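Annotated features in Swiss-Prot:
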| type | residues | note |
| --- | --- | --- |
| TRANSMEM | 42-62 | transmembrane segment |
| TRANSMEM | 96-116 | transmembrane segment |
| TRANSMEM | 118-138 | transmembrane segment |
| DOMAIN | 132-267 | domain 'Fatty acid hydroxylase' |
| MOTIF | 147-151 | motif 'Histidine box-1' |
| MOTIF | 160-164 | motif 'Histidine box-2' |
| TRANSMEM | 189-209 | transmembrane segment |
| MOTIF | 239-245 | motif 'Histidine box-3' |
Amino acid sequence: MIPYATVEEASIALGRNLTRLETLWFDYSATKSDYYLYCHNILFLFLVFSLVPLPLVFVELARSASGLFNRYKIQPKVNYSLSDMFKCYKDVMTMFILVVGPLQLVSYPSIQMIEIRSGLPLPTITEMLSQLVVYFLIEDYTNYWVHRFFHSKWGYDKIHRVHHEYTAPIGYAAPYAHWAEVLLLGIPTFMGPAIAPGHMITFWLWIALRQMEAIETHSGYDFPWSPTKYIPFYGGAEYHDYHHYVGGQSQSNFASVFTYCDYIYGTDKGYRFQKKLLEQIKESSKKSNKHNGGIKSD
């Protein structure tokens, strides 16, 4: 809660006039508790889980009906009906209601402990972006090791096998997981803000962006126009799809966001080998077609 009764008091305390965004933030949050602001994450996660994968539903239905977008489908032999995707969404919402939502309600003391602030001044764009980069890097590294644990025999059989029920991922399957996996993967997500605490708005943005990234990674489509193609060392849908395609025995492509951990620790060899093999097959096919096209019958 902002400790100022008026905008004028806040301006005097800061030694300057509030920006337009700071004034809007003051008007909205001044009388609200930090706990109430933190619980906004429940609404944001619900909207992300519900709306962000929705365009992929229409893409999948259009592809199944007419072949449109087929060239971008990573596993084109796998088709999902509307009922298949709605069932996945219902399962995710059940987990959201029973686990994710209650976890948000009871985890506020951890936010107090790491001192996520909600007052003024608001963070600058540079501050927010730098913190988000740090959060993604920390989450990626810690998630890598948690994910490797999930692919131990015990971790997979008892927990992670649920997430791998979708060998060809779809957007709604990104948060589809065992309740224990949801809880354990909250640790890597929380590590960044714990190490470099910022503003509540930055925290909201981090939680939303991380889930949006997971949905893109599980989209099942490799769109060449995706802006994530320009992010250095970004894995993306094609990279993570291989992990699901191989299945429970996969010891490759554990990274959640970037590819550097898999490269450093040698857990991308199967993926690199398959990719190189497919490129050789395509090249051989092109040469064969070119050769056959150049042969003229008498």
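All positions are counted from 1 along the displayed chain.
Note that Cβ sites are derived from N, Cα and C of the backbone, with glycine treated the same way.
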Over the motif 'Histidine box-3' (239-245), what does the predicted model average in pLDDT? 95
Helix, strand and coil residues within the motif 'Histidine box-2' (160-164) as assigned by DSSP: 5 helix, 0 strand, 0 coil
Work out, from DSSP, the number of helix, strand and coil residues along the motif 'Histidine box-1' (147-151). 4 helix, 0 strand, 1 coil
Remote residues contacting the motif 'Histidine box-2' (160-164) - C-beta distance under 8 A, at least 6 residues beyond either end: 150-151, 173, 176-178, 181, 244, 247-248
Would you kindly list the residues that approach the motif 'Histidine box-3' (239-245) from elsewhere in its chain, counting only those six or more residues past its ends and only Cβ-Cβ distances under 8 Å? 74-75, 164, 166-169, 217-218, 220, 222, 252-255, 259, 270-271, 274
Within the same chain, where does the motif 'Histidine box-1' (147-151) have neighbours whose Cβ lies under 8 angstroms from its own Cβ atoms, ignoring anything closer than 6 residues to its ends? I mean 6 or more beyond. 159-160, 181, 248, 250-251, 254-256, 267
